[in-house]
Amino acid sequence: MTVTLLARPDQSAPAAPEARTARPWWWCAASLTAAGTAGAALLVAANRAAEWDRGTQFGLFWLGMLVFTLPAVCWAVHRSTGPRLRVAVLAGYAGFTFLPKLLRNPFGPLYHDEFAHWRQSKQILLDGRLFEQNPIVKVVGDFPGLHSTVASVSALTGVSVWHAALLVLAAAHVLVVLGVTVLADEIWQDGRVAAVAAVIYSLNSSFLFFDTQFGYESLAIALLVWTLVALHRAMRGPARRSRAGWAAVTVMLSGATIATHHLTALALIAVMIIICLVVTVRAVRRGTPVAVPLTAWALTLAAAALVVAWLALVAPRTAGYLDPYLARALDQFAGMAGDGGGGGRTLFRASSTPWWERAAAFAAQGLAAIAMVAAALRLRRGHGAEPVARSGALAMLVLGSCYFPAALLILTPSGAEGARRSWAFSYLGIALVVAPLVVALLDRAARRAGRAVTAGLLLGACTVVLVGNTTAGMNPSYRFPGPPVFGSDTRSSIPEVRAASAWLRATQGRELRIVADRYSGLIFGSYGGQNPVTGSVTFPTYDLYLTQPGQPAPRRLIEQLDAWRFGYLVVDKRMAREVPEIQIYFETNEPIPHDGRPAFTLGQLTKFDSTPWTIKIYDSGNIAIYRFDFERVAR
Amino acid sequence: MTTPRLLVVAYAALLVLALGRGVPLASPVLLLVVLLALGELWLRALAAESMPALARLGLATVAGLVSLPFTAIGLHAAGVRIHEESIAAGLAGLLAAVAVVVLLRERAGRVAGDPRLARTAAAVAVPGLLTLVVGVAAVRVYDALPHPPEPGYTSLALNGWAGDVAGPVRIPAGGLMLPIRVSSAGEPEAVEPLRVRVGDRLVSARPLRVSADTTRAVEVYVPSPPDGCLHRIEVSLGATSTVLYGRGAETGRGGASGRGARAC
């Protein structure tokens, strides 16, 4: 009986009257359309400044972002804005924040993982099969959620795979913003707080670029947010039938999440466990209805069972793929603690970001910490009395607190990637807990001038956090176009490499097993349709390149290559002239020194011109392609 | 909208989509209609209750969207090749299955329609459309503006039968014509020295005009090596080169692979 009281009155009254908007909607639409157009023009100008190397791209970019986002946030948070207009503003905000990534590479894949997903989607359309192994990111094929969606959209509509991907990614981006809004509304039952939560979530380091890329997390994060919405509704369900219905929606969406992305599925389970623990503790201490923790645990166990089953039966390679990153990160962290800093990485080393972006990156962490402490104190005072809502808020406080320990991992080379990815999840907690604090601060000032000052300060803080988090989360070469840079995932794809991959595909066919470096591998594995290997501890193909001229190639490696029918070797001679921008030649943990000088001599890379077991079939100056003739190795 | 009407709309959109595939602008909109209808049916089948309009719209969109991978995985599990027709058929089957559940549930009474839903959908669609227009315009403008030239290159490759060479080539006594492919992109016209070396010996050298942004096939003469031993044959054009290995006419009994050739 008590459970029935948990139902929100507005949910059962669909035609409840809405607050009227004091300002006309057309004024909002016109002003934001004008601001959006100006913002887009400035983003274009920023990209042009970057590609012509004028050095003004950072300022133009942020000016373009703020020209739209600041007034949009004002409209979304203003007290007089009606609920529908608020939704419209947030939808526009989500759409506009997709623009930076859209303008970065509107016509094809550019980021590392995008090549893998693009290839995987094309492969589905070519071969009609799922779960094919991907040579660029090994486990991508085991999580077909995104690329099967993209391939289906492309097949049904006739648009290209890339355009289908853009449609799906734009939809997912809007769904994330609206999902956070709905989730915040579930917890706080206040449209303004919900809007602020969506805006705060959009300040996370992955929002503008990483989670808008053609990568599985971009879709999976939207699924995670909406799964949490369904979970909350299941916990709050007024009757068994209602809870069962929402439980089914929760299980369905958590199933879709695990079919889309491993880390997001694991994060979802972690968030669900946090929620379970909080509601259980509160049920024990406060005597809240037992149906709430029971529902939460049942759904968490169901989702966990799905995740475990998928990882064990469909994607057993995932643990082996993820484990080294975590293990090495912890080793490096221990090394930093033990040897006074050895094994760590220097933030913004050799980065071209301006000083104010770097300063903002550090300030953003401080502001987040201050906001979380203030939000925790406010929560302690008992704001938000409804049991499920309060449990949700406390769970989000715990989730948001996970942001700070993860930030320490950014100091280790192996942990940095994981830390960045975790922020998209933990920031959800920060957003949902800090949002009511922001609204309370706005409402606190009695006078109009005071409110304006408070709003200005809060907007300023948000700007610093947005700039800082984005800077911490993405290299400039990912954010902006520019002159070719060797050893950058995004800028080393020069026409010469693409031409070489096109030639190999045209003359020798696709799905050939080739040995390559990281950057050639991206192009040959995606545009070229080949199966490149770029080396690993168990298959150290980089030893081929490292062998000194006149020395025999490692026999065991040659036998492996021969046994596994590797046919071609790609050599990028830039490895002997330049240092890779991201400090990787082949793979993250390669045994190759990175001391600011090229790790290879030209002799090491051109020795294949004189080894009888390599036939040089193509050369374009930087790129050479050799065909293996393993019969000649022993002679 | 009643469930039968929703079904009619979804099937009509799916039919048009399946028959008139590839119609610019219309196809994505039709697919959106199908997915939204399917998502709404999922909600009616599973969580048959009223909810805030934005939550309903978002959940319907998400449920419709995840129907695509569910369909693809189902097709894969059934051993059906994934392509346009099979996906459309799979979606049609899924629509029917979910609709049956909805109709069975609705026998006990259906949830009243929410008049806010259409207006909330418009509140999302209109800014979405405006952003799309602004975004497409920005991309077009950006694309139309001049960009810095990308670095050019000249490539040299073994061509024709030579491109398939997998081991040492047996070169007849009279030598052979080796086909090569010369390609240039993004570089001005130039004259480069085309050289052939057999072992350490330069056997021919001549200038070759490489026109800008062209690809051409060229043949170079490779004389027979002096003996049946393995000889390195290099064809170079400026700084680029191709390398293969060959044996002279004396290795006739040994075949192209050179097996059985006398010790060198």
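Cβ atoms here come from the backbone N, Cα and C positions, even for glycine.
Per TrEMBL, the features are as follows:
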TRANSMEM  A:25-46  transmembrane segment
TRANSMEM  A:58-78  transmembrane segment
TRANSMEM  A:85-103  transmembrane segment
TRANSMEM  A:191-210  transmembrane segment
TRANSMEM  A:216-232  transmembrane segment
TRANSMEM  A:244-260  transmembrane segment
TRANSMEM  A:266-284  transmembrane segment
TRANSMEM  A:296-315  transmembrane segment
TRANSMEM  A:359-379  transmembrane segment
TRANSMEM  A:391-411  transmembrane segment
TRANSMEM  A:423-442  transmembrane segment
TRANSMEM  A:449-468  transmembrane segment
Residues from the same chain, set at least six apart from the ends of the transmembrane segment (A:191-210), whose C-beta lies under 8 A from its own: 73, 76-77, 79, 83, 86, 89-90, 93-94, 97, 100-101, 104, 176-178, 180-185, 217, 364, 420-421, 423-424, 427-428, 430-432, 434-436, 438-439, 462, 465-466, 469-470, 472-474, 478-479
Two-stretch contact, the transmembrane segment (A:359-379) and the transmembrane segment (A:391-411), at least three Cβ pairs under 8 Å: yes
Recorded stretches the transmembrane segment (A:296-315) and the transmembrane segment (A:244-260) touching, at least 3 CB pairs under 8 Å: yes
Remote residues contacting the transmembrane segment (A:266-284) - C-beta distance under 8 A, at least 6 residues beyond either end: 224, 227-228, 231, 235, 254, 257, 290, 292-293, 296-297, 299-300, 303-304, 307, 387-388, 390-392, 394-395, 398-399, 422, 425, 428
Within-chain partners of the transmembrane segment (A:58-78) [C-beta distance under 8 Å, separation at least 6 from its ends]: 23, 28, 31-32, 35-36, 38-43, 45-46, 49, 85-86, 89-90, 92-93, 96-97, 100, 192, 195-196, 198-199, 353-354, 357, 438-439, 442, 455, 459, 462-463, 466-467, 476, 479-480
